Amino acid sequence: MLMKILCSYKTMLFLLSFLALGAAAATFIENDFGTASARMYVYNTWWYEALLAAACLNLASVLARTRMYLVHRAKFLFHVALIVILLGAGLTRYFGVEGVMKIRENATVDFIVSNEKSDIIKLPFALKLNDFVLERYYGSSAPSSYESNVTVIDGDRRFDDTIAMNRTLVYKGYKFFQTFYDPDEKGTILSVTKDPGTEVTYVGYALLFLGLMLNLFDPKSRFRILIAQAQKSMLSLVLLLISTQIPLFSQSDYVQNYLNEHREKSLEVANAFGKVVVQSRMGRMKPFDTLAQEVLYKLSGKSTLEGMSPTQISLGMLSHPSLWKKQAMIQTKTPKLRALIGIASDQKLASFDDFFDGYRYKLETELQKALEMKPSHRGAYENDLIKTDERLSIAFMLYQGVLFKIFPLPNDAHRTWVAFESMFTQINVEESQALQESSTAFIEALFARDYDKALLHVDTFTRFQNRYGADVMPSKTHINVEIFYNKLMLFERLTLAYMAAGCLLLCVAFGRVFAPKFFTCRFDRVLFGVVVALFALHTFGLVLRWYVSAHAPFSDTYESIVYIAWSCLLFCMLFLRRFLFALAGSVMMAAIFMFTAHLGHIDPEITNLVPVLKSFWLSVHVSIITASYGFLALGCALGFFTLILFTCKPSESIVRHIKHLTLINEITLIIGLSLLVIGNFLGGVWANESWGRYWGWDPKETWAYISIIVYTIILHVRLLPKLYSPYLFAVLSLLGFSSIVMTYFGVNFYLAGKHSYASGDPVPVPFWVYACLAGILALIVASYPHKTLKKEDHETIV
């Protein structure tokens with residue numbers, strides 16, 4: 001009886017479910033009560049480790065009972081790899097050493113402080129810190145890299161080495177990682193590990209990667225069988241229209257004349273000034289065109305205003321602030337805030353002056369109350385107050401010229417650049433007088449609308465930059481490419497194009513189900529050609545952003561979402577292009593991701609990387625794991641389409657399409673889960689090589705682990721024939737994506753951790769989330785009455 005329970009698939013699903021639920025609860029315990037509490041009540045408890053051990057025994061028993069090693073060797077390989085990885089984790093947990101070593105310059109230390117119990121652990125050797133070196137981005141306090149130059153002292157043996165981020169020191173089984181540094185920059189903080197489980201775990205990783213890859217090509221694997229079944233038939237959704245409304249503003253004659261003239265005549269000087277290099281607050285060197293676009297987007301949520309380019313607007317705000325303070329360009333989002341400043345409840349943009357009554361700041365009292373509230377207690381109004389105050393601060397800095405950091409300080413060790421107001425006091429070279437006069441004349445010429453004269457002074461700024469800042473300036477080619485990227489606005493335009501193409505594909509796909517005589521195959525090549533063209537443009541945009549940013553284009557929230565949208569299309573175009581539902585689903589999911597990327601709360605600004613992110617392993621890890629999100633998103637879409645078909649009265653055509661949608665969905669989820677597993681464990685390699693711990697139960701790691709369990713359950717439910725049905729699979733593939741949403745968005749914005757953008761207090765859940773959940777629930781309920789297919793239809797899928 002015990003062996004029967006141990007070898008049961010039901011036991012497997014039961015154990016996986018409880019492991020996922022326990023880990024999910026732990027992330028919220030950690031958020032509210034700290035990491036120590038999460039470890040005390042979940043991760044390090046006997047019951048959670050017992051569940052892991054039981055899952056390991058269950059897996060081993062199932063492998064032995066099914067004799068998988070004789071029939072499906074690739075599948076056997078990656079399942080055994082999971083057992084090996086768990087054994088490695090056990091060695092790390094019970095026999096590993098993990099601690100911290102702090103060393104001041106010219107000091108010698110021969111012990112570490114353990115992380116778990118704060119015990120002093122003596123080392124068989126000592127480290128002396130000769131020098132700590134911190135490099136910052138140009139003109140910024142943000143660190144670019146830091147390293148410790150040390151001497152290892154082991155009796156009579158001595159040797160020098162350098163420990164830096166992503167560069168470790170290994171000696172006598174101990175690994176030293178650069179973690180942080182003392183505030184005065186005279187001391188270093190190193191993470192130290194001695195892990196007997198690393199080699200075992202890495203062997204498990206290698207077996208896992210090899211098994212998963214071989215499984216995709218094994219003719220006996222579930223994946224290849226599904227591919228073969230899906231090739232027997234081609235499948236075939238629904239139209240959405242988006243309208244935009246541009247508010248018009250009445251202007252006085254003088255203001256309207258100024259705006260008309262500035263719009264028409266300042267374009268040449270704006271284009272020239274757009275190529276002038278500016279230093280951002282984080283030290284990134286970029287053309288002013290980029291800064292102007294970023295600022296306008298933050299102020300108004302728009303890429304253009306009054307028919308002018310962002311640079312034209314920035315120059316106008318600099319030269320004629322009193323007029324531009326009266327222009328409606330500050331975004332507001334709640335009627336209550338608009339009422340507070342005295343504008344119409346439907347007026348989305350307000351002027352800078354609307355927020356002031358003489359010298360009184362209208363938001364001051366309400367803003368103070370909002371800042372004193374916990375983020376979890378703030379509503380849309382309070383968040384709007386805080387964000388609007390930030391926008392006003394940015395606008396004020398633009399009016400004052402503070403953001404125009406276009407002048408390099410000659411011979412400055414930190415390569416600092418300054419703006420107009422600082423240039424008069426901080427630049428003291430022979431050209432200072434001429435530069436100051438040129439700066440004053442430039443602003444005066446803009447104010448007087450003498451744009452030809454202003455254009456001459458732009459050349460003066462450029463010559464000064466080339467003389468004193470050429471060593472940190474991007475090349476002319478780089479500047480031109482970045483400006484081209486800015487003006488192209490490719491990703492914004494692709495959003496609507498994807499939506500239109502996706503809706504058209506969905507119409508044709510559903511048309512194949514309900515009107516096959518009209519919706520023939522003659523549309524297919526044209527539609528596929530459109531998708532190929534959009535994909536090529538998307539790829540071109542990613543390549544441009546990679547070149548402009550000088551790092552792989554998936555290093556922040558905006559970039560990774562755009563990359564996920566790209567990955568949604570890649571696999572479908574390569575392998576499922578003949579299946580209209582799959583192609584339509586991938587295009588629609590790409591559209592949804594692109595739309596999400598361009599919501600107001602996600603900043604598309606290109607920034608420098610923090611030191612720990614400058615890693616080859618990180619690039620591989622992020623590229624693979626975000627690609628997996630694309631496949632799992634496609635599975636979600638296919639589940640959604642399947643449930644729509646389930647709402648209809650069953651017919652031979654509908655049942656056939658349901659069966660093939662289910663086949664394609666399972667193929668997609670197998671690929672997605674494989675990439676998700678590989679990407680996560682490659683992240684473990686990166687973490688272990690960067691700071692000495694391949695798993696730390698960070699909320700992002702934990703929810704990735706939960707997502708793996710969720711999709712493992714979804715793909716293994718078919719092993720319980722009495723429970724499994726295409727309807728259940730569609731529901732699970734639709735709901736399962738919520739674990740990915742939590743992994744990506746929930747952790748980023750609602751939980752605190754290394755991967756998080758939140759402070760630990762959750763912000764209010766947007767209304768549209770509840771609306772989507774209600775819609776999904778309604779679809780599940782509406783499709784339930786027709787959930788049962790004939791037994792033979794189940795068998796062809798299972």
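The backbone N, Cα and C atoms fix where each Cβ goes, and this holds for glycine too.
If you look up TrEMBL, you'll see 1-25 marked as signal peptide.
Within its own chain, the transmembrane segment (45-64) is flanked in space by residues 3, 6-9, 11-12, 15-16, 18-19, 22, 76, 79-80, 82-83, 86, 93, which lie at least six positions past its ends and keep a Cβ under 8 Å from the stretch. What TrEMBL lists as transmembrane segment is 45-64 (among others).
Annotation comment: TrEMBL describes 71-183 as domain 'ResB-like'.
The transmembrane segment annotation in TrEMBL covers 76-96 (among others). Among residues of the same chain six or more beyond the transmembrane segment (76-96), those with a C-beta under 8 A of the stretch's C-beta atoms are 49, 52, 56, 59-60, 63, 68-69, 193-208, 210-212, 214-215, 681, 695.
Taken from TrEMBL, the feature transmembrane segment applies to 496-514 (among others).
Taken from TrEMBL, the feature transmembrane segment applies to 526-548 (among others).
Among the features that TrEMBL reports, domain 'Cytochrome c assembly protein' is placed at 555-753.
Counting only same-chain residues 6+ beyond the ends of the transmembrane segment (560-576), those with a CB under 8 A from a CB of the stretch are 227, 230, 491, 498, 531-532, 534-535, 538-539, 541-542, 553-554, 582-583, 585-587, 589-591, 593-594, 596-597, 602, 622-623, 626-631, 633-634, 664, 667-668, 671, 744. Sequence annotations record features per position, and here TrEMBL assigns transmembrane segment to 560-576 (among others).
Feature annotation from TrEMBL assigns transmembrane segment to 583-602 (among others).
The transmembrane segment annotation in TrEMBL covers 622-646 (among others).
Residues 85, 201-202, 205, 208-209, 212-213, 215-216, 222-223, 226-227, 230, 571, 575-576, 582, 615, 617-618, 620-632, 634-635, 638, 693-696, 701, 704-705, 707-708, 711-712, 714-715, 733 of the same chain lie 6+ residues outside the transmembrane segment (667-687) yet bring a C-beta within less than 8 angstroms of a C-beta in it. Residues annotated as transmembrane segment in TrEMBL: 667-687 (among others).
The transmembrane segment annotation in TrEMBL covers 702-720 (among others).
Taken from TrEMBL, the feature transmembrane segment applies to 727-747 (among others).
If one looks beyond the transmembrane segment (767-784) by at least 6 residues along the same chain, the residues whose Cβ comes under 8 Å of a Cβ in the stretch are 640, 643-644, 646-647, 727, 730-731, 734-735. According to TrEMBL, the transmembrane segment annotation covers 767-784 (among others).
Taking the domain 'Cytochrome c assembly protein' (555-753) as a whole, pLDDT averages 80 in the prediction. Residues 237, 301, 331, 333, 491-492, 494-495, 498-499, 501-503, 505-506, 508-509, 527-528, 531, 534, 538, 557-558, 561-562, 564-566, 568-569, 571-573, 576-577, 630, 633-634, 636-638, 640-641 of the same chain, all 6+ positions outside the transmembrane segment (583-602), place their C-beta atoms under 8 angstroms from a C-beta of that stretch. If you look at the transmembrane segment (526-548), the same-chain residues 6 or more away from its ends with a CB under 8 A from one of its CBs are 478, 481-482, 484-485, 488, 490-491, 494, 497-498, 501, 504-505, 508, 559, 562-563, 565-566, 569-570, 573, 577, 580, 583, 587, 590, 606. Look at the domain 'ResB-like' (71-183): DSSP puts its residues at 24 helix, 64 strand, 25 coil.
Away from its own ends, the transmembrane segment (622-646) comes close to residues 237, 509, 513, 552, 554-555, 560, 563-572, 581-582, 584-586, 588-589, 592-593, 654, 657-658, 661-662, 664-665, 668-669, 671-676, 678-680, 682-683, 704, 711, 726-727, 729-734, 736-737, 740, 744, 776, 779-780, 783-784, 786-787 of its chain (Cβ-Cβ under 8 Å, at least six residues beyond either end).
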